[in-house]
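Take a look at the structure below.
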Amino acid sequence: MAEPSVESSSPGGSATSDDHEFDPSADMLVHDFDDERTLEEEEMMEGETNFSSEIEDLAREGDMPIHELLSLYGYGSTVRLPEEDEEEEEEEEEGEDDEDADNDDNSGCSGENKEENIKDSSGQEDETQSSNDDPSQSVASQDAQEIIRPRRCKYFDTNSEVEEESEEDEDYIPSEDWKKEIMVGSMFQAEIPVGICRYKENEKVYENDDQLLWDPEYLPEDKVIIFLKDASRRTGDEKGVEAIPEGSHIKDNEQALYELVKCNFDTEEALRRLRFNVKAAREELSVWTEEECRNFEQGLKAYGKDFHLIQANKVRTRSVGECVAFYYMWKKSERYDFFAQQTRFGKKKYNLHPGVTDYMDRLLDESESAASSRAPSPPPTASNSSNSQSEKEDGTVSTANQNGVSSNGPGEILNKEEVKVEGLHINGPTGGNKKPLHADMDTNGYETDNLTTDPKLAHMTARNENDFDEKSERPAKRRRVNSNGKESPGSSEFFQEAVSHGKFEELENTDD
């Protein structure tokens, strides 16, 4: 079969047998052109299938024994051979023929049956010979049957399983396993090892004998109820809390029942004894004194809810049971609220206000305010001696000028090292000369003679002359000496003094 020549060219380029890169044109990219000719060409290039190899394989399989052929196709020894099936069928037929021959001995038809058996056997032999002559046909038919049969069975099996599942879902009856079983009895008891038990078989746990508190077998229940009603009946002599009437329900008075047991279940004797000990019969809690309450609260602060330690160390006049009973009564009283506020005992309760929605912020604010109230205030720092001396030297009374800035703050004071390096600060260039530019003028151009006429400045100069020896070691403040040899304040100090007091007229007088 000759291959058709493909010489037609595609829009992107020529489609020949030579390999080349496919270069799509602009039209193909714009219009999303899909050229499927390449797939067809590849299929044509593969060529037609070679049937000669398949024929050779079939011929080789025809000469192959049946067991090798089955193993080749994945069928093991589980597949039954046709010869075995035929042999089993022959044996079954022979068995049936033997039974028929035994039954027909008296009928005289044995000869005919034998002839039929011979014919049947001859026919079967012919069939076996024909099957042996054509092994390929029998194998092919057998393979087809064996391949098709399990598929059909599997299909029907799956359908049957689905049907069974659907039926089970519809008719599902829950089992009884989900019910809880009460594990009571000898079979559910744990086996305790011998080494764990601390007592022997006949050994007592404690020395004292057991005391019987109640035995329900002596008196019937109705008589016990009548006895409890008589025991709780009022005599009319009660006072205070005891005079409060009780409900109509029957109280299980353990003390009265215990008295009945001690009286050998004699109800009259038990009632007579209960009248002499009314408090014990009604189990009324005696009143605690103020000292006992105070000691109990101190014990709660010290030991918490360890009532054994509270009774042993703080409240020795009461038993542990009385302390526990008093604790639950005390917790419902106003005394507990006051105790909780003082000692923060128990859980903290927050009052809910209708105007507050975010209680977390309120809690944080309360904790911050509590922390700030507990924190000690910082001690007042002592004023620097140099600052106080400089304030005295400047003679300023007010601490702020018109702009609200301190006139002479601590930041303006210079150290010794800074003074030595920096020198004098004037309007002109900086120099190390401590004298003014002119004998009668200061650094700002004012005459020093007129400045000394001011009574305030005169007072300051007198004070500076007296403290000259003491302040010679402090070069933070510059001293300026006029032509007369007297000390005059600096221009910056005088200007600050004038501005702070608003005396600009003095500046005009000094200019004159």
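All positions are counted from 1 along the displayed chain.
Each residue, glycine too, has its Cβ placed from N, Cα and C.
Looking up Ser141, Ser232, Ser373 in Swiss-Prot shows the phosphoserine annotation sitting on Ser141. Taking Tyr155, Tyr206, Tyr350 one by one, Swiss-Prot attaches phosphotyrosine to Tyr155. When you go through Thr38, Thr448, Thr452 in Swiss-Prot, the residue listed as phosphothreonine is Thr448.
Between Ser14, Ser483, Ser492, Swiss-Prot assigns phosphoserine to Ser483; no such entry appears for the others, which is not proof they lack it. On the 0 to 100 pLDDT scale, the model's mean across the region 'Interaction with HDAC1' (180-284) is 77.
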